[in-house]
Structures are given as structure tokens and as C-alpha cells.
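Written below as C-alpha cells is the structure these notes are about.
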Amino acid sequence: METPSTSLSQQQQPQTPASCLLKPLPTTKVTETDTEKQQLAPEPKPPYSAFPERRKKLILAIVTTAGFLGPLAGSIYLPMLPELQTDFHVSATVINATVSVFMVVFSIAPLMWAAWADFGGRKFLYMISLLIFVATCILLAALPAHIGILFAFRVVQAFGASSVQSLGAGTVADTIEPRKRGSAIAYFMLGPQLGPILGPILGGAISSGGSWRWTFGFLAIIGALVWFIIFFFLPETLRCLVGDGSVYKEGAWVTKPQLRQARLIEENDPRYPRPPKPSLRGYLRLMSYAPVTLVSVNAGLLFATYYGLAVTLAQQLKNTYGFTTAETGAAYLVPGCSLVLGSLSSGRLSDRLRARRKARHPDLPVIPEHRLPIQIFGVLLSMAGILGYGWMIHFKLHVAGVLIFSFLAGFGMTWVFVTNTTYLTECAPGLPASLVAIASFFRNMGAAIASVVIEPLINRMTFGWCFTGLALIDLFSVTMVVVLMVKGPEWRQELEKKKQLAAQAAKTKTEKSIIITNQPAFAATGECEAKDDDLAKKPELTQVEAHSVSSSSEKKQEQRDQDNVKK
């Protein structure tokens, strides 16, 4: 039986709705679990480059156009040689030497441009080098016909035009992430490859309609247009100055007109280390790095054998097959098209192989050596083209076979060059322009040597056996590719360890210097004596530290010594 007090207390208690009774209240455990999940969730990886895709394409188009100028200036000159020989009153040997001088300077000068581009910025060097190029083109078009002037200004012209290929490769490496870099390098290489194709055609058309001076005037106009486009639309991309380019993300596409770019990121940002200041020792150290040596020698040998084909094709088409000058120029479109098609196909295939490797082994890192297997196919294809070209001409077989084999040689060579250039931008991050310049040096020097020795070799060995020997030389390229695929990862790991040790040593040295600088001077004699005693007990201190600590008590120590002498 309920008492009145009990019944009253139950009536006064508030009634809880049934929905609230059925709904569980949040517990601390659930909240902690959600927090843990948020903490364990991986943060999204920042993009390699903050530039929008459309702006990346604009940058790529600008540097590709700039890379077109140097090879164009070298090849547009060739149809004018007979006219120049007459106007300058010199022999064919002397006028041909102006071509050789241009090629030699064009081989060596990029080493200087590229070293400073990786250290101090790219845009400033674009502006300076193209300004030199435009000025010399104007002077060549205006000055009197004197052979000394022609030699001197062709040297300066080559010096100005030589920068853009290595600078352009560095710009591509700054803005394009590695998974897409093969295709980007392939598009960039179209500029240097189209120059030798279109140069003779443009040179012949311009010089046939007027004076040879208009050819240099045409180069000056094109160079000036590219200069203004770079000045207003190409941002500085060097990663140790501007990082991933996020400083430009919200800005307009038209850049602020300036020649030099100040550093816009923190000085000691570990993501974007600044390379050492350029020096001859630095270049020798790069050349001694095994992957760079193998890639550069590989490119030099392959281009030397191809250049032997290129310099003999016109003469053989004219003398053996009776081609006219116009027909010979048209025939050069065949190897020219092979360079373009080989460049585009190899870049896409290189990126596809890299992506397939990543999809099959998502937990393993994708290394640059995964791009190299297609080089073996490229070298073998180029060897077949060189070998077939030599024996087709040796036995004077149908000219269609000559052109087909020349196409194969150029196509295979381009597969090697595109993957080589892409590999160099990845095997030693931070120095893409310098590494590409080294490979370009070996490549152009190989071409210069081949152009000198090919005729004596043909005269001694006959055409077929000479090109058989050149094809066998390409076997060394296959060997170097295999060695690089096997040993490349190990060499890169060793280089990374050396970089880490050097960075740690530099950091330790900086910290010690800061500590020594901030040490207070000892005001009292007793403190000085105590510190001197500590120095005597710690012989392991460096000479710099000991000198820094004891320098504050030097005068007082001398006074104590004098007192001891008197006593």
C-alpha cells in the first residue's frame, strides 16, 4: 500500500519522453574514436606545382618556341653558303668554317648558362641571352661584308642562342610533376627538332627572294617577339626562389616586368634547397656522377652516328640518285618527321610505363630508371636504320629504301633522347638545367667530330662498311642503358646520403657559430680563470671555440703573467 508522501513525490517528478529514453546519449568513447580517426586520416599531398594547367601549357609553349631559335639560327644559314662565299670573296672551306664555329660555341656555352640558371634564376638569363641573340642578328644584317665580322658575330650569336635549350628543360622540370614530365619533355623537344627541319626551307625561301641579310633580319624579328613574350608572360620558376609557384597563384598571367626575382620563400626551406654556387669543380663533380656520365656518353655516341647519316644524305641524293636542290630539301622532311613522331610517341610511352609501374606496385617508390627500358628498343631501331642506310647506298638500291632507313634511324634516336632528358631532370633534383647542358655538350661534340671524320672513313672503308662500324658503336649505348638500369638506384641512394651528410655538417657548423657568437663576455677575473681552467680540461674543443672563449680574458692573463715574473 502506497503512502501519501510516496505517491505525491512520484506525481511531482517530471515525465521523460519515450523517444529520449530510446535514443542513446553520446559517450566520450565515440568522441575519442572520431578524433582518432581524424588524426589518423592522411593529409592530402600538396601538388608539385601550384600553377593551373592552362598556365603550365602556356609556359611550355613559350619555352618550346624559345628552344626553336638556336637550331633555327644554325640551319637557316646553310642555303646561303654559296651566296656568302661569293659576297665575302672566300673559299668554300673558309665559309664552311663559320658553320663549325657556330656548332662548337653552341655546344660549350650552355654549360655556363645552365649553371647560373640552377642557382640564381631562369628568367633573367632568358632575357640576357635572347637580347644578345637579337643584337647580333641586327648587326649581321647591317654591317659590311667582312669575313672577320662574320666569324666574330656568329660566335656571339651562337653564345646567345645556346642558353634556351638547357633553360627550357629546367623550366619544364620546375613546373611539371614527374608522372607527366616525359610527355612535357617530348613537346619541349619539338622546338630544337623543328629548327633543323624548317631552317633550310625558310633560309632558301628568304634568300632566294632577296639578300642574305634578310635572313638575319628575320631571325632578329622572331627573337625580339620571343623576348617580349618571355618578359611579360613567363614567370620565374626556379623552385629554390619561388617554391611551387603558389606565390603566382592568385596573380594575373601577365607578370610584373622585372629582370631579377628575389627569393620569395624561407631561406632554409628543406623542400627547396638551393644548389651550390656554380664553379668548374661543381661541373667536374657532376660529370663524375656515374648516371650523368653514362647518359651523356650514350647521347653523344648515338647522335654522332646519326649525324654521319645527316651530313651525307644530301650529297648522296644528289650524286647517286640525281636529286635537284629542291628535291633534296623535300627529302630531308622524312628524317625530320621521324624526329617529331619519335619525340611525341616516346614521351607518352615513357609516362605510361611509369604509371603502369605505379599501378602494379602502389607501395613501392617509382624510380627514374623505370623509364629506361624503351631506350633499348630505340637504340636497336636506330642501329637498324644506320646499317640499312649504309648498305642501300653502297649497292645503289632504290631511294625509297634510303629514306625509310633514315626515318628509322631518326625515330629510334629520338626515343633515346627524350627519355635521357627526362631521366636527367629526375636523377639529381635541383640541377636539371646543368645536367641537360652536359648531355647537350656531349651530343653536339659528337656531331662535330662525326662531321669531320665521316668522309675520310667512307673513303677508306667504303660506304657500307663505314656505317656498319657506326651501327656497332651504338651497341655500347645498349650496354650503358643496361648498366644504368641495374646500378642507377644504388648510385642515386649514395648521392642522397652524401647530400644528407653535407646538409647535416653545414647545419652543425651554423649552430656552433651561432652559439659562439652569442656567448657573453666574462666580466670578472674569477670567471675568466674558471673558463680558462675549463679549456684546459677540455682538449677536444676546436681551435675556433677555444680562441673565441679565451679571447675575452687575454689582457688579464698577460697581466697575471707579468706579476708572476716580478715575484
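Note that Cβ sites are derived from N, Cα and C of the backbone, with glycine treated the same way.
Automated prediction, rather than curation, is the source of TrEMBL annotations.
Copied over from TrEMBL:
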type: COMPBIAS; residues: 1-17; note: compositional bias 'Low complexity'
type: COMPBIAS; residues: 553-567; note: compositional bias 'Basic and acidic residues'
type: DOMAIN; residues: 59-492; note: domain 'Major facilitator superfamily (MFS) profile'
type: REGION; residues: 1-48; note: region 'Disordered'
type: REGION; residues: 534-567; note: region 'Disordered'
type: TRANSMEM; residues: 58-78; note: transmembrane segment
type: TRANSMEM; residues: 90-112; note: transmembrane segment
type: TRANSMEM; residues: 124-143; note: transmembrane segment
type: TRANSMEM; residues: 149-173; note: transmembrane segment
type: TRANSMEM; residues: 185-206; note: transmembrane segment
type: TRANSMEM; residues: 212-234; note: transmembrane segment
type: TRANSMEM; residues: 286-309; note: transmembrane segment
type: TRANSMEM; residues: 329-351; note: transmembrane segment
type: TRANSMEM; residues: 372-391; note: transmembrane segment
type: TRANSMEM; residues: 397-418; note: transmembrane segment
type: TRANSMEM; residues: 430-450; note: transmembrane segment
type: TRANSMEM; residues: 462-486; note: transmembrane segment
Result, the transmembrane segment (124-143) in contact with the transmembrane segment (430-450) (3+ CB pairs under 8 Å): no
Positions whose Cβ lies under 8 angstroms from the transmembrane segment (124-143), at least six residues beyond its ends: 66, 69, 73, 113, 116-117, 149-150, 153-154, 156-157, 159-164, 167, 213-214, 216-217, 219-220, 223-224, 226-227, 230-231, 234, 259-261
Which of 90-112, 149-173, 212-234, 372-391 contacts the transmembrane segment (397-418) most, counting Cβ pairs under 8 Å: 372-391
Residue numbers, six or more beyond the limits of the transmembrane segment (329-351), whose CB comes under 8 Å of its CB atoms: 179-187, 189-190, 193-194, 196-197, 200-201, 204, 309-310, 313-314, 317, 323, 371, 374, 378, 403, 406-415, 417-419, 422
The transmembrane segment (372-391) versus listed stretches 58-78, 149-173, 212-234, 286-309, 462-486: most Cβ pairs under 8 Å: 462-486
Chain residues outside the transmembrane segment (286-309) and at least six past its termini with a C-beta under 8 angstroms from it: 335, 375, 379, 382, 385-386, 389, 406, 409-410, 413, 416-417, 420, 423-424, 427-428, 431, 434-435, 438-439, 441-447, 449-451, 454, 466-467, 470-471, 473-474, 476-477, 480-481, 483-484, 487-488, 491-492, 495
Spatial neighbours of the transmembrane segment (212-234) far in sequence, C-beta under 8 Å, 6+ residues away: 58-59, 62-63, 65-66, 69, 72-73, 76-77, 80, 83-84, 87, 123, 126-127, 130-131, 133-134, 137-138, 140-142, 171, 202-203, 206, 253-255, 257
Non-local residues, at least 6 beyond the ends, that sit with Cβ under 8 Å of the transmembrane segment (462-486): 291, 294-295, 297-298, 301-302, 304-305, 308-309, 369, 372-373, 375-376, 379-380, 382-384, 386-387, 389-391, 393-395, 416, 454
